[in-house]
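Student: One structure coming up, written as structure tokens, with questions to follow.
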Amino acid sequence: MLIYNKKKSHLSENQVTPESVYLQRRQILQGLGLGLGAAALSAPASAGLFDALLGSKETKEQGAKEVIASTEPLTFSQPKAYQLDIAPTAEGVATTYNNFYEFGADKSDPARYAQQFKTKPWTITISGEVEHPQTIDVWAWLEKQQLEERIYRHRCVEAWSMVIPWLGVPLSSIIKAAKPTSKAKYVAFETLYDPKQMRGQSSRFVGGGIEYPYVEGLRLDEAMHPLALLAVGMYGKTLPPQNGAPVRLVLPWKYGFKGIKSIVNIHLTDKQPPTTWNKLASYEYGFYANVNPKVDHPRWSQATERVIAEGGLFGSGRQPTLMFNGYEDEVASLYQGMDLRKFY
Ligand code: MTE
């Protein structure tokens, strides 16, 4: 994030799909009898269809065509509780404006440098305070999962936001299966460490000075909350590498940095685990990192956010930030009695 000198975002107006164009695309797909999760068309075919019907240059211009082609369509349900009345951010934006420091500190680096990232085979270990430690073969496991689409607000601590249609399963399902012991109070997560594949891990300059592997953590009750999602896809398909393939966390009431990507280890413990950004700058990034418009970052306000999907031609581009990112009713009870200025 903004500790190190970073170039300004390269996002330009033509990278933003106005809502009208997004809705037009949706209508065209519906007219053709295809939903968002249209498995009838292969992903590359549907991307080509968008371009042919609407003359969109967005994916070509950003090299996102390759991104879309490397993902696979998924089958999923769309529970009403997790749909939003807001148009999701354009896919071409959400897959090219990323934070994934293992591939570089610039927003455009992950899409540029992660395309050769090997996500098959992939295993996740679940260890520590559990009765059934396990090693999960992710792709075999995925075949048995009933995926849900959850359209969540996505708020980065850098004060920008998007709306993303994720696909995944509740994080609680994988934790329950391992049977936490009574000592388990926290859950620690770790990203793959592979400097040969991740250029940022072999150079402090490229990787933003982070000590790798990237690590994150939650209290066990936060991890078991129904909103906490173990995501394997977005926009109807498997995750592209720059968004954290093959498995990442999505915690919509917290700042985006808690959403650790490309997870290989989940460890249950009785102690609060270290987290990457807290280790780097504890006065700026706390363990909890709940979205809170009343608690500013030491160097900028968190009261409003730049809406990436609506920037550029349409709308003001800024909106007020909501307490717990709009999920207050669901999660406030987790933090009852806590001083949220102290536990930021
Ligand atoms: N996970 C890893 N392993 N490395 C990272 O650099 N960046 C975090 C989070 N997960 C990051 C990570 C930050 S700061 C944000 S805002 C989100 O991923 C961005 O997710 P997105 O690129 O899908 O929008």
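Residue numbers in this text run from 1 along the chain shown.
Each Cβ is built from the backbone N, Cα and C atoms, and glycine gets one as well.
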Student: Among T71, T181, T191, which residue does TrEMBL annotate as binding Mo-molybdopterin together with N98, Y101, E102, C156, N243, R248, G259, I260, K261?
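Tutor: So the Mo-molybdopterin site in TrEMBL includes N98, Y101, E102, C156, N243, R248, G259, I260, K261 plus, from the candidates T71, T181, T191, T191.
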Student: If you draw a 10 Å sphere around the Cβ of E102 (Mo-molybdopterin binding site), how many other Cβ atoms fall inside it, taking every protein chain shown into account?
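Tutor: 29, counting other Cβ atoms within 10 Å of E102 (Mo-molybdopterin binding site).
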Student: Name, in the order they occur in the sequence, the residues of the same chain whose CB lies under 8 A from the CB of N98 (Mo-molybdopterin binding site) and which sit 6 or more residues away.
Tutor: K107, D109, P110, A111, Q242, N243
